[in-house]
């Protein structure tokens, strides 16, 4: 029989317990922008047949992912910061862990798919619609989702089989895999090694594809004869690169800190981990919505009707 604590206690941001009440306000605003922005994007893309093409279908999947990601952690976090209700049942904690890690992996996969889309659009513009047809896009999105579910599920099974001692306080604002592993009593080497394996498989492969795509895109863009065409291509790519950096930089920071960053103050680590799940969902609809002319036109039309 495995001994599970009936619940864990999430502490929020260790070291900033006094300030948490106020920190929750900007977090809440970011969440509101994320929810509003992503739902708007999804509704516009669904309602507008001319937007049923690869770029926007990937964007719709990214918006859906952002909604799941931010919602799986923020309402509970506000409960901790405002109401001091840090208790989370053992199975609820595993469920939260599953959604956060699965959809982080999906987010990474969608950024990779969008980089591929840009690569094909810029490097083989005439064959773009035949290479990335709607069935291909749907298959790609399904693969990314299945990859996330298959790779993250073992985290939950492994943790479910671990014995936990008396200590059940998680020094984090949500159930993060390594934060929960640290509370287990048994031998956690399998969990740690498997966690590293998943991180390298997902982040590693996606970042390689993204880097190669953008390197090739840059080389093609530099060869364009007209400055205007070059600037246009650059502006599209810079907005994508900003989104990619906003997702990967805090993500890698959090991941590495858990394993090697004993000297980094816990509150900095946890703040970064929280922002990692809030900044991309807030930024994506703004960057893609405002930078994408077709979408922006639809938004304007939508608001003029009211």
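Including glycine, each Cβ sits where the backbone N, Cα and C put it.
A TrEMBL annotation is a machine prediction, not a hand-curated record.
Per TrEMBL, these features apply:
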type	residues	note
DOMAIN	37-288	domain 'G-protein coupled receptors family 1 profile'
TRANSMEM	20-44	transmembrane segment
TRANSMEM	56-74	transmembrane segment
TRANSMEM	119-140	transmembrane segment
TRANSMEM	192-221	transmembrane segment
TRANSMEM	233-256	transmembrane segment
TRANSMEM	268-288	transmembrane segment
Counting Cβ pairs under 8 Å to the transmembrane segment (56-74), which of 20-44, 192-221, 233-256 comes out on top?
-> 20-44
Under a Cβ pair cut-off of under 8 Å, which of the recorded stretches 20-44, 119-140, 192-221 contacts the transmembrane segment (233-256) most often?
-> 192-221
Intrachain neighbours beyond the transmembrane segment (192-221), with Cβ under 8 angstroms and 6 or more residues off its ends | 101, 105, 108-109, 111-112, 115-116, 118-119, 122-123, 147-148, 151-152, 154-155, 158, 177-178, 181, 230, 233-234, 237, 240-241, 244, 248, 251-252, 255, 259
May I ask for the residues of the chain that lie six or more residues beyond the transmembrane segment (119-140) and have a Cβ under 8 Å from a Cβ within it?
-> 52-55, 57-58, 113, 213-214, 216-217, 220-221, 233
